């Protein structure tokens, strides 16, 4: 869930997003330590009166500042590569949904069903009900079962778009003529909001995404009512 004036990530709702949060904390700690060391050295250089005008080289120091950054980069790269491979894995998805980007709305098709598709437009501010979020509500939500692996196929009918839901750790480019895929799995029920994350024209800011994650039995009732 997002909060006003929030500086950090939204609460993780998927295993991938939880991994991304851990990686963010891990990397941020390394950056903080490096920044503290650099600021400390700069402050020493600005305040000390001692100089080493006769020092021409220092093999030990050069060896240390070559090996140490390499080790730090490895410590950052390994968990990053692990998460990248996890995001690409698609193991026996229970459901496949194809989403197409348009100027400026999304269309969805549940490919496992014979005729289950719809367009999803932003609800204008003048038509919002009490409690609904401005610029984030849609007329047709994407209803999906929770705790199940879902494959999303993402493409575009016109220009570049990007289908992104931050709390699920999702961001997939929608490219005309190309079909990208990603997986999602929500560990909790609820409404999860996203937006087009690639500038696609004058109404780019008005392409919200709303996922409604529900238990399987409620999803089955919804899908039956839509057919």
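Each Cβ is built from the backbone N, Cα and C atoms, and glycine gets one as well.
The structure displayed is predicted, hence computed values, not measured ones.
Within the same chain, residues 20-21, 24, 166-169, 184-188, 190, 192-193, 213 sit at least 6 positions outside the topological domain 'Mitochondrial intermembrane' (1-14) and bring their C-beta atoms closer than 8 Å to a C-beta of that stretch. Marked as topological domain 'Mitochondrial intermembrane' by Swiss-Prot on the basis of similarity to another entry: 1-14 (among others).
Feature annotation from Swiss-Prot assigns transmembrane segment to 15-45 (among others); the stated evidence is similarity to another entry.
If you look up Swiss-Prot, you'll see 60-87 (among others) marked as transmembrane segment. Sequence-distant contacts of the transmembrane segment (60-87) (same chain, six or more residues past either end, CB-CB distance under 8 Å): 16, 19-20, 22-23, 26-27, 30, 34, 169, 182-183.
In terms of DSSP helix, strand and coil, the topological domain 'Mitochondrial intermembrane' (88-227) has 21 helix, 61 strand, 58 coil. Annotation source Swiss-Prot lists topological domain 'Mitochondrial intermembrane' at 88-227 (among others), citing similarity to another entry.
The Cβ of residue 207 (Cu cation A1 binding site) lies under 8 Å from the Cβ of 101, 104, 105, 106, 122, 161, 195, 196, 200, each of these being in the same chain and 6 or more residues away along the sequence. Annotation comment: Swiss-Prot describes 161, 196, 200, 207 as Cu cation A1 binding site.
Listed in sequence order, 160, 161, 162, 173, 174, 204 are the same-chain residues six or more apart from residue 198 (Cu cation A2 binding site) with CB atoms under 8 A from its CB. Under the heading Cu cation A2 binding site, Swiss-Prot lists 196, 198, 200, 204.
For 198, the entry in Swiss-Prot reads Mg(2+) binding site.
Taking a C-beta cut-off of under 8 angstroms and a sequence separation of 6 or more, residue 218 (phosphotyrosine) has no same-chain neighbours. What Swiss-Prot lists as phosphotyrosine is 218, and the listing cites similarity to another entry.
For the binding-site residues 161, 204, the greatest number of Cβ atoms within 10 Å around a candidate Cβ is found at 161. Here the binding-site residues are 196, 200, and the one with the most other Cβ atoms within 10 Å of its Cβ is 196.
Other residues of the chain with a Cβ within 8 Å of the Cβ centroid of 196, 198, 200, 204, the Cu cation A2 site, are 101, 104, 159, 160, 161, 162, 197, 199, 201, 207. Taking DSSP states H, G and I as helix and E and B as strand, the topological domain 'Mitochondrial intermembrane' (1-14) has 0 helix, 0 strand, 14 coil.
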